[in-house]
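Worksheet for the structure shown next.
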Amino acid sequence: MAAFSEMGVMPEIAQAVEEMDWLLPTDIQAESIPLILGGGDVLMAAETGSGKTGAFSIPVIQIVYETLKDQQEGKKGKTTIKTGASVLNKWQMNPYDRGSAFAIGSDGLCCQSREVKEWHGCRATKGLMKGKHYYEVSCHDQGLCRVGWSTMQASLDLGTDKFGFGFGGTGKKSHNKQFDNYGEEFTMHDTIGCYLDIDKGHVKFSKNGKDLGLAFEIPPHMKNQALFPACVLKNAELKFNFGEEEFKFPPKDGFVALSKAPDGYIVKSQHSGNAQVTQTKFLPNAPKALIVEPSRELAEQTLNNIKQFKKYIDNPKLRELLIIGGVAARDQLSVLENGVDIVVGTPGRLDDLVSTGKLNLSQVRFLVLDEADGLLTQGYSDFINRMHNQIPQVTSDGKRLQVIVCSATLHSFDVKKLSEKIMHFPTWVDLKGEDSVPDTVHHVVVPVNPKTDRLWERLGKNHIRTDDVHAKDNTRPGANSPEMWSEAIKILKGEYAVRAIKEHKMDQAIIFCRTKIDCDNLEQYFMQQGGGPDKKGHQFSCVCLHGDRKPHERKQNLERFKKGDVRFLICTDVAARGIDIHGVPYVINVTLPDEKQNYVHRIGRVGRAERMGLAISLVATEKEKVWYHVCSSRGKGCYNTRLKEDGGCTIWYNEMQLLSEIEEHLNCTISQVEPDIKVPVDEFDGKVTYGQKRAAGGGSYKGHVDILAPTVQELAALEKEAQTSFLHLGYLPNQLFRTF
């Protein structure tokens, strides 16, 4: 409890955490919880099972509670960026007059846009009608920018209409889409001075104190309009100085800092943010936090964690809601009407409720994207952007929207692009590093070679049903065609899966198949062996987990596997991401995953908490023709076996190439075993019982001691000799000194 309390976690949550036997925070929790409690946006990556859910759930629960408590007591809270009309009382960049990807720091002066393809601009909170005025801009990086002045009528893309005057880093001045050479280029570490003499109608600029001369004469139609400091950025960061701090290059010739301008010269921005700030009025269907998960299983798991963490929170109590498909919408709407504070959901149903106005996003303070790489892979980037655009960037109590992104692969291009677009100066917490296999996991490859193992020819019809990719092909023995070898691979993989279970006497395993039809076929084959969903305790008792199974069945199947009612969970990669299954002794990859990162996710199911685990991958030595649906039905009722490039829904799958990519990714060579699937005993570990902890001190400890014992004894003798020699050398000079 004390460990979590030291990070600022409230006692009620710390008590609940202690009851869960979380004595110390994990690394990801220790790094992320203080950052989120401090109000920052966080990008986090850590291994599955490292406590990522707790890392974002605990601070989200606490801040939502504190927000509700403040509202209950009538407090408005402290603000980092002032809101409403009060924001206009200070010279700063205006959070209510900016582009969608333009971020403003809490001081209102540091600005950033990380959109690499589009320009995003912003204007200040105040403008000027009279006098000679000056402000400075410092460039913090090498991105593109234009700075200058514009009226309230001007586009935020400074210099592209007749109401704005800009000076860009490429050495061009711009007005009304006319770009002319002016001054010189500027970039990182340069300071640009922006001069405005309204009385004479002149605009000019300086670079690092060097006057670049007259840039623009203000046309007559603009002389009665206030001019506001403005900028536009493309993947750049700037910091403004309106005179509150000492200028690097103070102006001359009577120009004064904007912050020193007389009140009679100043005009406040019309964009006060009143329409964009969340209303204090209570809206039952407007949650304070929204957590988006890629699958219903992860959503349910996260909701259960939230229920545990908030166990002792009272007055006010927090109300949570799970919004997922497959559940009657009227039940969810009923809960929404009664009020909700935290929503956890999957994109499909969330999109439905948001688009119909049933779920109001106007009071969201936290947006959490869990397994963001999975969400993007499933094609939900547009949904995320639409949702983010509907959430106010600043709430009524002056708090900024916090965005938290969790991802297995933070450094992927898509995740980086998303973070640049929707996050505000995020802190990266990457404890995952390069993918690696824990030393508690043995992983081996079983080559499936239909040319050397002719078992498939002798089985007749007593084999696993295949996926009908070759329903129209001649796959009879003797055809010697790629289609024949492909069909043979499918048959052999069913046999090898059964053989692996028997050889290792597996009592629990997760079996990964590539497609939903492969899962169904393997389940049917296990039923032919006497097992199946209803055969509790049977050697081949199993359940399926994939998207085509009904929601209640998926939930029930997962629970039955966790409780040990069945031995095998046959699933697609939906179960590889974050589902809370610990200590599974075995994993079988019937087919290698399309993406090399998913290999680590899959085998990460075993070997947790010092328990030994074995992952067996069945890898075809020949290409296998598999389904790859690009049709609108996503495979339902589709029998188009032509190749994708010919307008069909199949591809040739090269597992040997995938294996090579996985080995390169992990920087190791994965051991191969014979088709009998006998795994050789490790030299140090000796006989291993998968699913159980290593012997005390680690399985390899005793073997190492025996080997190193003679060397240690020799080192001890040498150390004794060296110490004795040192003492003699120190003693003799003293004796000689005394003699004289």
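Every residue gets a Cβ built from N, Cα and C, even glycine.
As written in Swiss-Prot, here are the features:
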type     : residues : note
REGION   : 1-448    : region 'Interaction with dsRNA'
REGION   : 1-295    : region 'Necessary for interaction with HNRNPK'
DOMAIN   : 2-428    : domain 'Helicase ATP-binding'
DOMAIN   : 70-247   : domain 'B30.2/SPRY'
MOD_RES  : LYS239   : N6-acetyllysine
MOD_RES  : LYS268   : N6-acetyllysine
CROSSLNK : LYS281   : SUMO2 cross-link
MOD_RES  : LYS281   : N6-acetyllysine
MOTIF    : 370-373  : motif 'DEAD box'
DOMAIN   : 493-681  : domain 'Helicase C-terminal'
REGION   : 525-740  : region 'Necessary for interaction with HNRNPK'
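Sequence-distant neighbours of LYS239 (N6-acetyllysine) (same chain, 6+ apart, CB under 8 A from its CB) are LEU109, CYS110, CYS111, VAL137, SER138, HIS140. Residue density at LYS268 (N6-acetyllysine): 16 other Cβ atoms are found within 10 A of its Cβ, drawing on all protein chains shown. Confidence annotation: the domain 'Helicase C-terminal' (493-681) carries a mean pLDDT of 88 in the model.
DSSP places the residues of the motif 'DEAD box' (370-373) in helix, strand and coil in these numbers: 2 helix, 0 strand, 2 coil.
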